[in-house]
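Working notes, structure below.
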């Protein structure tokens, strides 16, 4: 393929099959193109086909052999363009492609249109199905040879409608006027709705899909009038009678019967949902189709084709019996592997089936539940289990329906009548197209086998037409290869080792399974190029058909190929009192009645029918119509490229294109060729040569070799037209460039001259305008000066008079204002003198009171100093051993008493806190329970509403059952009462929720008030801290003297020092802190688990817990600031509280470690050789870790202990605690103050 930049091409696309594009860059193997949507794609050279540059100027060609490029995308988009214009018919040579419009086009099929196509030469008018029918009729009349019209396509493509139109046209051109209403033409036309009722059904793709193949042979006399007709059917889908899938339907006749009011009462029928053979799918009605009206049409068609009223009643009676037969159910009997009728309902349907078949009830029951086996000793009765009985019931239903359908076809043939003297016929074949689904079974195998046969016939016909075309034009075609699929047909039907032969052989043996069949199949054909073994299955095989590969599942091949005739079934119905039923089952011969089962191969019978059909087609001249379904949604004006290209491939249209491509696909009449490509060689266009000679000169100039010149046309091989178009495009490009160059020169010169003339005119106008403007301005200036002189004089006089009067008014106002200001100044001076006198008196009084308070404070300090001296003297006296022992005993008793009081107070606080926590948890649980009940009530209300909707639908469906309706109404009333109660409970729950929300709002208000109080408390604590610091400075001298006594007291009992001071301070400030905790019991220590759990309740809860944690930390810090200078039981309680509660972190530092370290330094615990306070701290930490063994406590205390260790190590090295004890004692007080100051700065 010759490509150049800018060449229009088709590029392959996975979504749209093919897209129009333009070449940007190209190399040997790849091409870079820009699609119509603007996307740039890099494609392989084999995925790119040339495109006609002029195709967008017209709406497609009527005959696709006239396409400039006969390839797959060209065919597809030609159909697409014509379909958009409602031109649904297109030729490919003599083949007609019909695209289903999915809408009514009545103007295409009226009598006027038939008259236009009657006798018109083929190809003269637009493509139409009437043109094919007329061509076949004219060929039959002119040549005396029988014709055949083959209509194919997938389900929903319009095959049945096309067949109807063909028969309608043939009856129009070959009909005759008759006094009898039952003419042959009417009988032929009315046979279609009758066969549709009994042979068509709804499938996934089509609402009126033919489930059988049909060949209608219309016979004509020597005058071209219809003299008879015959109908042959192929492969009726018998399994649909007993088994369907949703959303498909059974055959239309069953639903028409259930829609007839007279027959419903007569045959005890009802809605289709009441019958097993119909309710396997939930689709009972078709859109826009009335089953009752279709029933009347079927009845009318039966009358026209000659079926008597008695036979009509017998037909619908048989259909009703099949429906009742499907509702018979079985249950296990008393004996092993036996079955009986399940219940009274099944017995009723059995009775109705026996009555409608007019056979013996007990004999029908025995036929369904038992089998008789004939031996030499006599007959043996074998009982059937439930599964076998159901299988026998379904086999009986399928057999009855198949024989009923065959009877209808025979009756139509006998009623219409066949003309044995007719020498001319036109056969119309309406057969299923190639099928390839996700799951392909025996039916798809037979259908695709038939399509392979027809495709071979189609290829031969197309090749024959090509030969005729080449012979007519007198060109050499002997080297053109013929595409054949004989190897696939041999693989399927050849004896003795074809697939059908192996299948029949497997069906002969009772123990054969699909596994043994598949094994034998792979054994014989493993090396065959057309057959492959499926990778993920041991039994499935894949065949390479002309339309592609199809994988078949062999699970049901053997069962569907076996067509057993059960002797008991034949004997039962042959003895029926109904003549119609007994005629369906004639008596078997004696040899056939010896066995209970008579085997017949469905595949072999179908092969024989297909062979007879092919023999008939070979004796006729074929005409082909390929029906195409444009989309899978059955919507008008919607064209799916991928679906259409698949159907064209399955219908053999692309195969015909390949045959054409194998020869000379591009054909042009000499005049058309010269008109299009004559500009390539203009030197030969002077009229001295004819069109054929000019064509030869042009091809020789381009050095083309793959062409032949016929009598009236030039034939080009594939790819040659691309070279011609490329050369033509080059010539047109150069010519266009030359024209553009000359045109641009002319336009530029013309624009320059016009612009220059305009410039001269503009300059003269502008200069005159400017002169006039200058003169006018001079005159206006002189007039303005004169006017200004007089106006200024008037204005100055008026301004002077106004200024004179204003000055007089201002002077009078200023003088009055000055007088008033002087009076006010004197008044203010007198008042200020009075205020100064009172202020000086108040200042002297306050100075006197302050001096008096200072004297009182000095006296207090002096008395304190005297008390300290007295205290020092008493302490020196207490150094004696006896005095110390007595003091020790007294202190121990006071310690025990304080310890008891502390434990008591601690228990009371713990019990109060636990009670508060319990109460809070109860309230929280109650709130959660109320919320859960509220959600449950809402869900219950929704469920009850859904139940009400379901009950209302059930009420609409069960109108006839009055007793059940009354019970359901009572249940509905109860449900409504319950719904009302639930609504009341829902309202009460909403009221409770509202009350709880009000309580939450009140709690938040209390929380805000508590925060204000805590801030005031923090302010007081800071003031107290300052006072404590001043007291520490004053008591530093006392600490030096009491150092030795404190060390001894710590060794004996570290819990007994300064208890009085600690007790007073703790009693003083615990009372200040406790009320706040009692007022708001919801505040807790900010442990990680509580913070995480509270965060889930919302942002307000997390904020409240955060404020609580900060308040708690502030309380602890205040107590530490107050109690650190003393050592006592309350301080140990503070340490225990710091250890037990999670104080968290502040500024990235653990609070607990800092507080413990600070307390130990202020209590001088490091100066003793061994203190009990370290053991107390370690035991407390161990208890917390043991009690709360979770993932949060351990990391928390690891961080605290590591921080405490770092603080101890840093201060020990930096402050010299490792020196001698005497030096350490001397510097302890200053070190304590430094550490305290550092700790206060840190917090």
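Heads up, residue numbers simply count up from 1 along the chain you see.
Backbone N, Cα and C define each Cβ position, glycine as well.
Checking the ranges 564-586, 587-609, 610-632 against TrEMBL, the region 'Actin-binding' annotation falls on 610-632. Of the chain residues outside the ATP site list 153, 154, 155, 156, 157, 158, 159, 160, 100, 206, 209, 433, 627, 629 have their Cβ within 8 Å of the site's Cβ mean position. When Cβ atoms from all protein chains are considered, those within 10 Å of residue 155 (ATP binding site) total 18, not counting its own. Here the region 'Actin-binding' (610-632) has long-range neighbours at 79, 83, 94-100, 102, 129, 132, 135-136, 139, 143, 145-159, 162, 166, 205, 215, 217, 232, 234, 425, 427, 429, 433, 449-450, 453, 457-458, 461, 638-640, 643-644, 647-648, 651-653, meaning same-chain residues at least 6 beyond its ends whose C-beta is under 8 angstroms from one of its own. Around residue 160 (ATP binding site), a 10 Å sphere centred on its CB holds 22 further CB atoms from the protein chains shown.
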